[in-house]
There are 2 protein chains.
Amino acid sequence: MELEPVTDLPEIRPGDDIADLVADRVTLESGDVLTVASTIVSKAEGRTADLEDYPVSGRAKEIARRIEDVAGEEKDPRFAQAVLEESTEVLIDCPFLLTETRFGHICVNAGIDRSNVPDHDVLLLPKKPAESAERIRAGLEARGHEDVAVIVTDTCGRPFRHGQRGVALGWAGMPASRDWRGELDRDGHELGVTVQSVVDELAAAANLVTGEAAGGTPAVAVRGWDFGDLDGSDELFRDVEDDLVRQALREWRFEP
Amino acid sequence: MELEPVTDLPEIRPGDDIADLVADRVTLESGDVLTVASTIVSKAEGRTADLEDYPVSGRAKEIARRIEDVAGEEKDPRFAQAVLEESTEVLIDCPFLLTETRFGHICVNAGIDRSNVPDHDVLLLPKKPAESAERIRAGLEARGHEDVAVIVTDTCGRPFRHGQRGVALGWAGMPASRDWRGELDRDGHELGVTVQSVVDELAAAANLVTGEAAGGTPAVAVRGWDFGDLDGSDELFRDVEDDLVRQALREWRFEP
(Lines of atoms letter the chains of each structure in order from A; the text may use other names.)
(Lines give C-alpha, C1' and ligand atoms only; values in the text may rest on other atoms or scores of the structure.)
Protein backbone atom coordinates (compact mmCIF):
# COMPACT_ATOMS: atom_id res chain seq x y z
CA MET A 1 0.00 0.00 0.00
CA GLU A 2 1.34 3.40 -0.95
CA LEU A 3 0.26 6.94 -0.07
CA GLU A 4 1.12 9.89 -2.29
CA PRO A 5 0.20 13.42 -1.30
CA VAL A 6 -1.34 15.49 -4.12
CA THR A 7 1.01 18.45 -4.30
CA ASP A 8 0.65 21.97 -5.68
CA LEU A 9 -3.09 22.34 -5.18
CA PRO A 10 -3.90 26.06 -5.28
CA GLU A 11 -5.75 27.88 -2.47
CA ILE A 12 -9.33 26.62 -2.94
CA ARG A 13 -12.10 29.19 -3.60
CA PRO A 14 -15.90 28.92 -3.64
CA GLY A 15 -17.06 27.12 -6.77
CA ASP A 16 -13.73 25.39 -7.44
CA ASP A 17 -14.02 21.87 -8.80
CA ILE A 18 -11.87 19.66 -6.58
CA ALA A 19 -12.11 16.62 -8.88
CA ASP A 20 -10.77 18.74 -11.72
CA LEU A 21 -7.92 20.22 -9.69
CA VAL A 22 -6.91 16.80 -8.36
CA ALA A 23 -7.22 15.01 -11.72
CA ASP A 24 -4.72 17.46 -13.21
CA ARG A 25 -2.14 16.66 -10.55
CA VAL A 26 -2.19 12.93 -9.88
CA THR A 27 -2.80 9.68 -11.74
CA LEU A 28 -5.57 7.64 -10.19
CA GLU A 29 -6.26 4.07 -11.19
CA SER A 30 -9.17 1.73 -10.63
CA GLY A 31 -9.22 0.64 -6.97
CA ASP A 32 -7.34 3.68 -5.68
CA VAL A 33 -8.69 5.80 -2.81
CA LEU A 34 -8.50 9.59 -2.77
CA THR A 35 -8.73 11.32 0.59
CA VAL A 36 -9.66 15.01 0.63
CA ALA A 37 -9.45 17.23 3.71
CA SER A 38 -12.80 18.73 4.66
CA THR A 39 -11.20 22.20 4.77
CA ILE A 40 -10.86 22.37 0.99
CA VAL A 41 -14.25 20.74 0.43
CA SER A 42 -15.82 23.39 2.66
CA LYS A 43 -13.96 26.18 0.88
CA ALA A 44 -15.09 24.91 -2.54
CA GLU A 45 -18.65 24.70 -1.24
CA GLY A 46 -18.53 28.22 0.19
CA ARG A 47 -19.04 27.02 3.78
CA THR A 48 -17.49 30.15 5.28
CA ALA A 49 -19.33 32.46 7.65
CA ASP A 50 -18.83 35.50 9.81
CA LEU A 51 -19.66 35.71 13.49
CA GLU A 52 -22.05 38.61 12.82
CA ASP A 53 -24.17 36.10 10.82
CA TYR A 54 -25.17 34.47 14.12
CA PRO A 55 -27.73 36.37 16.23
CA VAL A 56 -27.17 35.02 19.73
CA SER A 57 -29.87 32.91 21.40
CA GLY A 58 -30.34 32.72 25.15
CA ARG A 59 -28.86 29.25 25.18
CA ALA A 60 -25.70 30.33 23.32
CA LYS A 61 -25.28 33.26 25.73
CA GLU A 62 -25.64 30.94 28.73
CA ILE A 63 -23.16 28.39 27.29
CA ALA A 64 -20.57 31.06 26.52
CA ARG A 65 -20.95 32.61 29.99
CA ARG A 66 -20.57 29.28 31.80
CA ILE A 67 -17.49 28.31 29.74
CA GLU A 68 -15.96 31.70 30.57
CA ASP A 69 -16.78 31.30 34.27
CA VAL A 70 -15.55 27.71 34.54
CA ALA A 71 -12.69 27.48 32.06
CA GLY A 72 -11.64 31.11 32.43
CA GLU A 73 -11.46 31.23 28.64
CA GLU A 74 -13.05 33.96 26.55
CA LYS A 75 -15.88 32.46 24.49
CA ASP A 76 -17.71 34.50 21.86
CA PRO A 77 -21.44 33.74 22.26
CA ARG A 78 -21.83 34.16 18.48
CA PHE A 79 -19.38 31.29 18.04
CA ALA A 80 -21.41 29.17 20.49
CA GLN A 81 -24.48 30.07 18.41
CA ALA A 82 -22.74 28.90 15.21
CA VAL A 83 -21.92 25.58 16.91
CA LEU A 84 -25.54 25.13 18.03
CA GLU A 85 -26.83 25.84 14.51
CA GLU A 86 -24.54 23.16 13.04
CA SER A 87 -25.59 20.58 15.66
CA THR A 88 -28.50 18.29 16.49
CA GLU A 89 -27.43 17.45 20.07
CA VAL A 90 -25.09 18.94 22.67
CA LEU A 91 -23.22 16.14 24.47
CA ILE A 92 -21.02 18.36 26.65
CA ASP A 93 -21.69 22.09 27.08
CA CYS A 94 -18.91 22.93 29.52
CA PRO A 95 -15.90 23.34 29.80
CA PHE A 96 -16.07 22.96 26.00
CA LEU A 97 -18.77 22.24 23.43
CA LEU A 98 -18.96 18.63 22.22
CA THR A 99 -21.86 18.17 19.82
CA GLU A 100 -23.30 15.89 17.20
CA THR A 101 -23.29 17.57 13.80
CA ARG A 102 -26.30 17.40 11.49
CA PHE A 103 -24.67 14.55 9.56
CA GLY A 104 -23.93 12.47 12.71
CA HIS A 105 -20.28 13.20 13.49
CA ILE A 106 -19.41 13.95 17.13
CA CYS A 107 -16.64 16.47 17.71
CA VAL A 108 -15.68 19.63 19.57
CA ASN A 109 -17.29 22.90 18.33
CA ALA A 110 -19.13 21.01 15.52
CA GLY A 111 -15.80 21.01 13.70
CA ILE A 112 -15.96 24.77 13.07
CA ASP A 113 -12.51 26.04 12.22
CA ARG A 114 -11.20 29.49 13.11
CA SER A 115 -7.85 29.00 11.38
CA ASN A 116 -7.71 28.13 7.66
CA VAL A 117 -10.10 30.93 6.60
CA PRO A 118 -8.65 33.82 4.63
CA ASP A 119 -11.58 36.29 4.28
CA HIS A 120 -14.09 35.16 6.89
CA ASP A 121 -14.28 34.44 10.60
CA VAL A 122 -15.07 30.73 10.47
CA LEU A 123 -15.07 27.69 8.20
CA LEU A 124 -17.95 25.23 8.75
CA LEU A 125 -17.71 21.51 7.96
CA PRO A 126 -19.28 20.42 4.66
CA LYS A 127 -23.06 20.18 5.07
CA LYS A 128 -23.29 16.59 3.77
CA PRO A 129 -19.80 15.12 3.44
CA ALA A 130 -21.06 11.85 1.90
CA GLU A 131 -22.64 13.86 -0.91
CA SER A 132 -19.45 15.91 -1.28
CA ALA A 133 -17.46 12.67 -1.60
CA GLU A 134 -19.90 11.34 -4.19
CA ARG A 135 -19.67 14.55 -6.23
CA ILE A 136 -15.87 14.35 -6.27
CA ARG A 137 -16.02 10.63 -7.16
CA ALA A 138 -18.40 11.34 -10.04
CA GLY A 139 -16.21 14.25 -11.18
CA LEU A 140 -13.16 11.98 -11.26
CA GLU A 141 -15.12 9.38 -13.21
CA ALA A 142 -16.19 11.99 -15.76
CA ARG A 143 -12.50 12.75 -16.28
CA GLY A 144 -11.64 9.10 -16.96
CA HIS A 145 -10.56 8.13 -13.42
CA GLU A 146 -13.05 5.31 -12.96
CA ASP A 147 -13.64 3.21 -9.87
CA VAL A 148 -11.84 5.56 -7.44
CA ALA A 149 -13.21 5.75 -3.88
CA VAL A 150 -13.27 9.17 -2.19
CA ILE A 151 -13.14 9.96 1.54
CA VAL A 152 -13.72 13.45 2.98
CA THR A 153 -11.56 13.64 6.11
CA ASP A 154 -11.05 15.75 9.20
CA THR A 155 -8.96 15.45 12.35
CA CYS A 156 -10.45 15.25 15.81
CA GLY A 157 -9.72 14.25 19.38
CA ARG A 158 -11.24 11.36 21.31
CA PRO A 159 -11.88 10.15 24.85
CA PHE A 160 -9.30 7.97 26.64
CA ARG A 161 -6.39 8.96 24.38
CA HIS A 162 -4.54 12.24 23.88
CA GLY A 163 -4.12 13.85 20.52
CA GLN A 164 -6.05 14.12 17.34
CA ARG A 165 -6.14 11.64 14.49
CA GLY A 166 -7.60 11.62 10.99
CA VAL A 167 -11.23 10.48 10.71
CA ALA A 168 -13.68 10.05 7.85
CA LEU A 169 -16.69 12.40 7.60
CA GLY A 170 -18.13 11.08 4.35
CA TRP A 171 -17.16 8.55 1.68
CA ALA A 172 -18.25 7.26 -1.73
CA GLY A 173 -17.32 4.32 -3.92
CA MET A 174 -16.52 2.00 -0.99
CA PRO A 175 -18.16 0.79 2.23
CA ALA A 176 -17.28 2.41 5.57
CA SER A 177 -16.15 -0.84 7.13
CA ARG A 178 -15.11 -4.41 6.48
CA ASP A 179 -17.04 -7.13 8.24
CA TRP A 180 -14.90 -10.05 9.40
CA ARG A 181 -17.77 -11.92 11.06
CA GLY A 182 -17.57 -15.61 10.36
CA GLU A 183 -13.90 -15.46 9.32
CA LEU A 184 -11.51 -17.82 11.11
CA ASP A 185 -8.06 -17.25 12.53
CA ARG A 186 -5.03 -19.48 11.83
CA ASP A 187 -6.21 -21.99 14.43
CA GLY A 188 -9.74 -22.16 13.09
CA HIS A 189 -11.31 -20.07 15.90
CA GLU A 190 -13.88 -17.48 14.95
CA LEU A 191 -12.42 -13.97 15.13
CA GLY A 192 -13.13 -11.69 18.06
CA VAL A 193 -12.75 -8.58 15.92
CA THR A 194 -15.75 -8.20 13.71
CA VAL A 195 -16.16 -4.81 12.08
CA GLN A 196 -13.12 -2.84 10.94
CA SER A 197 -13.63 0.86 10.24
CA VAL A 198 -11.52 1.08 7.08
CA VAL A 199 -12.60 4.62 6.13
CA ASP A 200 -11.29 5.89 9.46
CA GLU A 201 -8.07 3.93 9.10
CA LEU A 202 -7.55 5.35 5.61
CA ALA A 203 -8.22 8.87 6.93
CA ALA A 204 -5.69 8.30 9.74
CA ALA A 205 -3.10 6.96 7.30
CA ALA A 206 -3.59 9.93 4.97
CA ASN A 207 -3.24 12.37 7.84
CA LEU A 208 0.33 11.12 8.37
CA VAL A 209 1.37 12.52 5.01
CA THR A 210 -0.82 15.62 4.65
CA GLY A 211 0.69 17.83 7.30
CA GLU A 212 -1.30 20.65 8.86
CA ALA A 213 0.85 23.69 8.40
CA ALA A 214 1.63 26.05 5.52
CA GLY A 215 3.22 23.31 3.41
CA GLY A 216 0.23 20.99 3.91
CA THR A 217 -1.22 18.89 1.09
CA PRO A 218 -4.96 18.43 1.67
CA ALA A 219 -5.44 15.46 -0.69
CA VAL A 220 -3.75 12.05 -0.74
CA ALA A 221 -3.89 9.18 -3.23
CA VAL A 222 -3.84 5.69 -1.66
CA ARG A 223 -2.74 2.91 -4.01
CA GLY A 224 -2.50 -0.84 -3.72
CA TRP A 225 -4.98 -1.15 -0.89
CA ASP A 226 -7.49 -3.91 -1.34
CA PHE A 227 -10.84 -4.00 0.40
CA GLY A 228 -10.76 -7.78 -0.01
CA ASP A 229 -13.48 -10.31 -0.46
CA LEU A 230 -15.52 -9.36 2.62
CA ASP A 231 -18.91 -7.88 3.32
CA GLY A 232 -19.08 -4.17 4.01
CA SER A 233 -21.27 -1.83 6.01
CA ASP A 234 -22.03 1.86 5.68
CA GLU A 235 -22.73 2.53 9.34
CA LEU A 236 -20.09 4.80 10.83
CA PHE A 237 -21.79 7.04 13.39
CA ARG A 238 -23.32 5.31 16.41
CA ASP A 239 -26.89 6.01 17.49
CA VAL A 240 -27.33 6.90 21.15
CA GLU A 241 -29.09 3.54 21.77
CA ASP A 242 -25.87 1.84 20.72
CA ASP A 243 -23.45 4.09 22.60
CA LEU A 244 -23.12 3.83 26.38
CA VAL A 245 -20.81 6.84 26.52
CA ARG A 246 -23.46 9.05 24.90
CA GLN A 247 -26.00 7.67 27.36
CA ALA A 248 -23.71 8.45 30.29
CA LEU A 249 -23.06 11.97 29.01
CA ARG A 250 -26.81 12.67 28.80
CA GLU A 251 -27.10 12.18 32.54
CA TRP A 252 -23.98 14.10 33.47
CA ARG A 253 -23.09 17.74 34.02
CA PHE A 254 -19.56 19.07 34.51
CA GLU A 255 -19.01 20.48 38.00
CA PRO A 256 -15.64 22.16 38.48
CA MET B 1 4.83 6.58 2.38
CA GLU B 2 4.71 2.86 1.77
CA LEU B 3 3.46 -0.04 3.88
CA GLU B 4 4.74 -3.56 3.33
CA PRO B 5 3.35 -6.49 5.32
CA VAL B 6 6.01 -8.85 6.69
CA THR B 7 4.95 -12.16 5.18
CA ASP B 8 5.66 -15.78 6.12
CA LEU B 9 6.12 -15.27 9.84
CA PRO B 10 5.70 -18.64 11.54
CA GLU B 11 3.19 -19.29 14.34
CA ILE B 12 4.83 -17.52 17.29
CA ARG B 13 5.68 -19.57 20.42
CA PRO B 14 6.81 -18.56 23.92
CA GLY B 15 10.42 -17.46 23.89
CA ASP B 16 10.51 -16.65 20.17
CA ASP B 17 12.57 -13.61 19.24
CA ILE B 18 10.33 -11.36 17.14
CA ALA B 19 13.16 -9.03 16.10
CA ASP B 20 15.06 -12.03 14.76
CA LEU B 21 12.08 -13.46 12.88
CA VAL B 22 11.23 -10.08 11.35
CA ALA B 23 14.82 -9.18 10.47
CA ASP B 24 15.08 -12.38 8.40
CA ARG B 25 12.04 -11.45 6.33
CA VAL B 26 12.16 -7.73 5.60
CA THR B 27 14.72 -5.01 4.94
CA LEU B 28 14.41 -2.14 7.38
CA GLU B 29 16.23 1.14 6.90
CA SER B 30 16.96 4.06 9.16
CA GLY B 31 13.75 6.03 9.74
CA ASP B 32 11.41 3.11 9.01
CA VAL B 33 8.68 2.11 11.44
CA LEU B 34 7.84 -1.52 12.23
CA THR B 35 4.38 -2.25 13.62
CA VAL B 36 3.87 -5.54 15.44
CA ALA B 37 0.47 -6.90 16.47
CA SER B 38 0.18 -7.42 20.22
CA THR B 39 -1.04 -10.99 19.62
CA ILE B 40 2.38 -12.19 18.51
CA VAL B 41 4.16 -10.11 21.17
CA SER B 42 1.95 -11.75 23.81
CA LYS B 43 2.57 -15.21 22.39
CA ALA B 44 6.35 -14.66 22.38
CA GLU B 45 6.12 -13.43 25.97
CA GLY B 46 4.05 -16.43 27.05
CA ARG B 47 1.03 -14.27 28.00
CA THR B 48 -1.41 -17.15 27.66
CA ALA B 49 -3.60 -18.36 30.50
CA ASP B 50 -6.39 -20.81 31.27
CA LEU B 51 -9.65 -19.90 32.89
CA GLU B 52 -8.97 -22.34 35.73
CA ASP B 53 -6.02 -20.07 36.67
CA TYR B 54 -8.53 -17.48 37.93
CA PRO B 55 -10.21 -18.25 41.25
CA VAL B 56 -13.39 -16.19 41.13
CA SER B 57 -13.83 -13.23 43.51
CA GLY B 58 -17.20 -12.00 44.71
CA ARG B 59 -16.93 -9.00 42.43
CA ALA B 60 -16.24 -11.11 39.33
CA LYS B 61 -19.19 -13.34 40.19
CA GLU B 62 -21.46 -10.31 40.60
CA ILE B 63 -20.27 -8.75 37.31
CA ALA B 64 -20.77 -11.99 35.35
CA ARG B 65 -24.23 -12.49 36.87
CA ARG B 66 -25.38 -8.97 36.05
CA ILE B 67 -24.09 -9.16 32.45
CA GLU B 68 -25.95 -12.45 32.05
CA ASP B 69 -29.13 -10.97 33.52
CA VAL B 70 -29.01 -7.76 31.51
CA ALA B 71 -27.38 -8.72 28.22
CA GLY B 72 -28.74 -12.28 28.23
CA GLU B 73 -25.25 -13.37 27.27
CA GLU B 74 -23.39 -16.20 29.00
CA LYS B 75 -20.39 -14.74 30.85
CA ASP B 76 -17.83 -16.99 32.53
CA PRO B 77 -17.05 -15.44 35.95
CA ARG B 78 -13.47 -16.72 35.60
CA PHE B 79 -13.14 -14.58 32.48
CA ALA B 80 -14.48 -11.58 34.39
CA GLN B 81 -11.88 -12.35 37.06
CA ALA B 82 -9.11 -12.41 34.44
CA VAL B 83 -10.26 -8.99 33.18
CA LEU B 84 -10.24 -7.57 36.74
CA GLU B 85 -6.72 -8.87 37.37
CA GLU B 86 -5.43 -7.18 34.22
CA SER B 87 -7.11 -3.86 35.11
CA THR B 88 -6.66 -0.90 37.44
CA GLU B 89 -10.14 0.58 37.01
CA VAL B 90 -13.51 -0.61 35.75
CA LEU B 91 -15.17 2.14 33.67
CA ILE B 92 -18.25 0.16 32.62
CA ASP B 93 -19.21 -3.13 34.30
CA CYS B 94 -22.43 -3.84 32.41
CA PRO B 95 -23.57 -4.75 29.71
CA PHE B 96 -19.88 -5.34 28.97
CA LEU B 97 -16.61 -4.77 30.78
CA LEU B 98 -14.68 -1.63 29.79
CA THR B 99 -11.55 -1.24 31.88
CA GLU B 100 -8.24 0.53 32.09
CA THR B 101 -5.37 -1.93 31.78
CA ARG B 102 -2.36 -1.77 34.07
CA PHE B 103 -0.42 0.13 31.40
CA GLY B 104 -3.15 2.75 30.86
CA HIS B 105 -5.02 1.54 27.77
CA ILE B 106 -8.83 1.59 27.93
CA CYS B 107 -10.62 -1.19 26.07
CA VAL B 108 -13.27 -3.90 26.38
CA ASN B 109 -12.30 -6.98 28.46
CA ALA B 110 -8.81 -5.56 29.10
CA GLY B 111 -7.98 -6.68 25.55
CA ILE B 112 -8.08 -10.36 26.54
CA ASP B 113 -8.47 -12.47 23.41
CA ARG B 114 -10.34 -15.75 23.25
CA SER B 115 -9.51 -16.39 19.59
CA ASN B 116 -5.87 -16.54 18.45
CA VAL B 117 -4.77 -18.99 21.19
CA PRO B 118 -3.89 -22.51 20.12
CA ASP B 119 -3.27 -24.36 23.42
CA HIS B 120 -4.84 -22.14 26.07
CA ASP B 121 -8.14 -20.47 26.87
CA VAL B 122 -7.05 -16.85 26.65
CA LEU B 123 -4.33 -14.54 25.40
CA LEU B 124 -3.57 -11.51 27.60
CA LEU B 125 -2.16 -8.25 26.26
CA PRO B 126 1.60 -7.74 26.75
CA LYS B 127 2.27 -6.67 30.34
CA LYS B 128 4.27 -3.56 29.36
CA PRO B 129 3.93 -2.94 25.63
CA ALA B 130 6.36 0.00 25.66
CA GLU B 131 9.05 -2.31 27.05
CA SER B 132 8.13 -4.96 24.49
CA ALA B 133 8.53 -2.38 21.71
CA GLU B 134 11.89 -1.29 23.12
CA ARG B 135 13.12 -4.91 23.26
CA ILE B 136 12.18 -5.47 19.62
CA ARG B 137 13.78 -2.15 18.63
CA ALA B 138 17.01 -3.09 20.43
CA GLY B 139 16.91 -6.55 18.85
CA LEU B 140 16.62 -5.03 15.39
CA GLU B 141 19.48 -2.67 16.16
CA ALA B 142 21.66 -5.59 17.29
CA ARG B 143 21.00 -7.17 13.87
CA GLY B 144 22.14 -4.06 12.00
CA HIS B 145 18.71 -2.44 11.50
CA GLU B 146 19.51 0.84 13.22
CA ASP B 147 17.15 3.73 13.92
CA VAL B 148 13.92 1.77 13.34
CA ALA B 149 10.91 2.76 15.46
CA VAL B 150 8.66 -0.02 16.74
CA ILE B 151 4.95 0.15 17.63
CA VAL B 152 3.06 -2.66 19.38
CA THR B 153 -0.51 -2.47 18.08
CA ASP B 154 -3.97 -3.80 18.78
CA THR B 155 -7.45 -3.12 17.42
CA CYS B 156 -10.26 -1.75 19.53
CA GLY B 157 -13.64 -0.04 19.36
CA ARG B 158 -14.48 3.49 20.48
CA PRO B 159 -17.39 5.67 21.54
CA PHE B 160 -19.32 7.68 18.92
CA ARG B 161 -18.18 5.58 15.94
CA HIS B 162 -18.85 2.01 14.91
CA GLY B 163 -16.14 -0.48 14.19
CA GLN B 164 -12.66 -1.17 15.42
CA ARG B 165 -9.47 0.48 14.27
CA GLY B 166 -5.78 -0.10 14.88
CA VAL B 167 -4.30 1.62 17.95
CA ALA B 168 -0.86 1.79 19.54
CA LEU B 169 -0.29 0.09 22.90
CA GLY B 170 3.43 0.78 23.23
CA TRP B 171 6.17 2.33 21.10
CA ALA B 172 9.93 2.88 21.04
CA GLY B 173 12.33 4.91 18.95
CA MET B 174 9.83 7.71 18.25
CA PRO B 175 7.46 10.00 20.17
CA ALA B 176 3.76 9.16 20.49
CA SER B 177 2.63 12.42 18.93
CA ARG B 178 3.66 15.42 16.88
CA ASP B 179 3.05 18.82 18.38
CA TRP B 180 1.96 21.47 15.87
CA ARG B 181 1.54 24.21 18.46
CA GLY B 182 2.86 27.51 17.19
CA GLU B 183 2.83 26.37 13.54
CA LEU B 184 0.96 28.59 11.07
CA ASP B 185 -1.43 27.74 8.26
CA ARG B 186 -1.15 29.09 4.69
CA ASP B 187 -2.76 32.36 5.73
CA GLY B 188 -0.52 32.86 8.72
CA HIS B 189 -3.15 31.92 11.32
CA GLU B 190 -2.08 29.70 14.20
CA LEU B 191 -3.34 26.15 13.75
CA GLY B 192 -6.34 24.88 15.68
CA VAL B 193 -5.04 21.31 15.63
CA THR B 194 -2.22 20.98 18.07
CA VAL B 195 -1.25 17.43 18.98
CA GLN B 196 -1.38 14.67 16.38
CA SER B 197 -1.30 11.09 17.65
CA VAL B 198 1.05 9.66 15.04
CA VAL B 199 1.54 6.28 16.74
CA ASP B 200 -2.21 5.66 16.55
CA GLU B 201 -2.33 6.80 12.94
CA LEU B 202 0.53 4.46 12.06
CA ALA B 203 -1.23 1.60 13.88
CA ALA B 204 -4.45 2.34 11.97
CA ALA B 205 -2.59 2.49 8.65
CA ALA B 206 -0.84 -0.82 9.37
CA ASN B 207 -4.12 -2.49 10.26
CA LEU B 208 -5.33 -1.86 6.71
CA VAL B 209 -2.71 -4.25 5.35
CA THR B 210 -2.38 -6.84 8.13
CA GLY B 211 -5.76 -8.52 7.83
CA GLU B 212 -7.24 -10.41 10.75
CA ALA B 213 -7.97 -13.84 9.38
CA ALA B 214 -5.94 -16.95 8.61
CA GLY B 215 -3.83 -15.21 5.97
CA GLY B 216 -3.06 -12.32 8.34
CA THR B 217 0.40 -10.76 8.57
CA PRO B 218 0.96 -9.43 12.09
CA ALA B 219 3.90 -7.14 11.29
CA VAL B 220 4.16 -4.26 8.83
CA ALA B 221 7.10 -2.15 7.68
CA VAL B 222 6.32 1.54 7.09
CA ARG B 223 8.77 3.35 4.82
CA GLY B 224 9.17 6.92 3.71
CA TRP B 225 7.24 8.43 6.59
CA ASP B 226 8.87 11.43 8.15
CA PHE B 227 8.17 12.64 11.66
CA GLY B 228 9.27 16.09 10.52
CA ASP B 229 10.91 18.91 12.37
CA LEU B 230 8.38 19.21 15.20
CA ASP B 231 8.33 18.63 18.91
CA GLY B 232 7.02 15.33 20.17
CA SER B 233 5.27 14.06 23.26
CA ASP B 234 5.06 10.64 24.83
CA GLU B 235 1.66 11.06 26.46
CA LEU B 236 -0.91 8.77 24.87
CA PHE B 237 -3.30 7.64 27.59
CA ARG B 238 -5.39 10.35 29.26
CA ASP B 239 -5.59 10.68 33.02
CA VAL B 240 -9.08 10.86 34.47
CA GLU B 241 -8.54 14.55 35.40
CA ASP B 242 -8.09 15.23 31.71
CA ASP B 243 -10.97 13.12 30.41
CA LEU B 244 -14.56 14.27 30.85
CA VAL B 245 -15.91 11.00 29.47
CA ARG B 246 -14.10 9.01 32.17
CA GLN B 247 -15.46 11.45 34.75
CA ALA B 248 -19.00 11.00 33.41
CA LEU B 249 -18.66 7.20 33.43
CA ARG B 250 -17.58 7.24 37.09
CA GLU B 251 -20.94 8.73 38.04
CA TRP B 252 -23.05 6.52 35.79
CA ARG B 253 -24.52 3.04 36.00
CA PHE B 254 -26.20 1.21 33.13
CA GLU B 255 -29.91 0.66 33.71
CA PRO B 256 -31.58 -1.50 31.06
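Just so it is clear, glycine is given a Cβ too, placed from its N, Cα and C backbone atoms.
Values in this document were obtained by computation on a predicted structure and should not be read as measured data.
Over all protein chains present, the Cβ of B:T210 (GTP binding site) has 22 other Cβ atoms lying within 10 Å. Look at B:T210 (GTP binding site): DSSP puts it in a helix. Summarising the annotation, TrEMBL assigns GTP binding site to B:9-12, B:38-39, B:K43, B:N116, B:210-217.
There are 25 other CB atoms within 10 A of the CB of B:D154 (divalent metal cation 1 binding site), with all protein chains counted. Annotation source TrEMBL lists divalent metal cation 1 binding site at B:D113, B:D154.
All protein chains included, B:T155 (divalent metal cation 2 binding site) registers 24 other Cβ atoms within 10 Å of its own Cβ. Annotated divalent metal cation 2 binding site per TrEMBL: B:T155, B:E212, in sequence order.
The feature domain 'Coenzyme F420:L-glutamate ligase-like' is assigned by TrEMBL to B:9-224.
According to DSSP, B:S38 (GTP binding site) is assigned to a helical segment.
Applying an under-8 Å Cβ distance to chain A, the binding-site residues B:E11, B:S38, B:D113 reduce to B:E11, B:D113. B:K43 (GTP binding site) falls within a helix when secondary structure is assigned with DSSP. B:D154 (divalent metal cation 1 binding site) falls within a strand segment according to DSSP. Confidence across the domain 'Coenzyme F420:L-glutamate ligase-like' (B:9-224), taken as the mean pLDDT and rounded to a whole number, stands at 93. B:D154 (divalent metal cation 1 binding site) has B:S38 nearby among the binding-site residues B:S38, B:K43, B:G216, counting only those with a Cα within 10 angstroms of its own Cα.
Counting other C-beta atoms within 10 Å of each candidate's C-beta, the binding-site residues B:E11, B:D113 are led by B:D113. In the three-state DSSP assignment, the secondary structure recorded for B:D113 (divalent metal cation 1 binding site) is strand.
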